Amino acid sequence: MVVKVGINGFGRIGRLAFRRIQNVEGVEVTRINDLTDPNMLAHLLKYDTTQGRFDGTVEVKEGGFEVNGNFIKVSAERDPENIDWATDGVEIVLEATGFFAKKEAAEKPLHANGAKKVVITAPGGNDVKQLFSTLTTSILDGTETVISGASCTTNCLAPMAKALHDAFGIQKGLMTTIHAYTGDQMIVDGHRGGGDLRRARAGAANIVPNSTGARKAIGLVIPELNGKLDGAAQRVPVPTGSVTELVVTLDKNVSVDEINAAMKAASNDSFGYTEDPIVSSDIVGVSYGSLFDATQTKVMEVDGSQLVKVVSWYDNEMSYTAQLVRTLEYFAKIAK
């Protein structure tokens, strides 16, 4: 049985999700909705500065485009309630516009023309279950109509924090994500809505201090860590490829080897482990939501207790997208 998917919003995440889905058996994209001209969408699908060329054929046709010989209808509806998902058999909508990230707004397609489920490609509200790895799919029972893939940074931080907490118990911690610049930053200094003076500065020429939603989201995806972690972001001049540092105090004293062993034992298809001396360009295109770097683990003795630092890499584009597609695939299997 093939599960048919619609993508609402064909930006960075929407396009990369489309690429990933091409290799998922039993899942097929039959409708894309985006306000951009289909010629532009097809071109941006085919050519990608950071992720490389699409491994397939893309040809613009009337009403959409043909990918690897399969026609995908493209619409340009501003309101999701006006999208005729049923005509193309869409069962699950990947909500990737960024404008409908709350449950009430994300549910619009469910009340219009046949869609049954929605996966939000952004942190949802407190009333939406958020998943960060294949391990957390157990929180779903199949009756959910809307779920969230959380954020790229949460998908990096959470499995590392969970593995550390499960093994040794986290008391308190501070995280910093050193994050690639993104499309909501300026290329050159200029006026920007929202009043964020730092984001008004050139993203590819500056280290830009910023906030991160992961500091709050961690308590939603791992309730036992609620209120225990805080943090911030530093946007840096690379197009993709990011890293999260977590400094914590633990319930017990540990060694570097013990920490790395616990992380290696916790590794899976969502949470990778490496002992190679990698740099940010080495993780572009990686499918792990979080890739733990054992070479950067540090333990510092402080008056009989310890400060522990752990580090995990992520491609803030593809790592997150790979997680979303895994979530979507599982969601499709258990849908009731």
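A Cβ is built for glycine as well, from the same backbone N, Cα and C atoms used for every other residue.
Within ARG78, ARG199, the residue that Swiss-Prot lists together with SER151, CYS152, THR153, THR182, THR212, GLY213, ARG235 for binding D-glyceraldehyde 3-phosphate is ARG199. When other Cβ atoms within 10 Å of the Cβ of SER151 (D-glyceraldehyde 3-phosphate binding site) are tallied across all protein chains shown, the result is 22. Residue pair ARG12 (NAD(+) binding site) / GLY213 (D-glyceraldehyde 3-phosphate binding site) shows a Cα separation of 19 Å. Within 10 Å (C-alpha to C-alpha) of THR153 (D-glyceraldehyde 3-phosphate binding site) lies none of the binding-site residues ILE13, ASP34, ARG78, THR121.
Looking at THR182 (D-glyceraldehyde 3-phosphate binding site) and CYS152 (active site, nucleophile), their Cα atoms lie 12 Å from each other.
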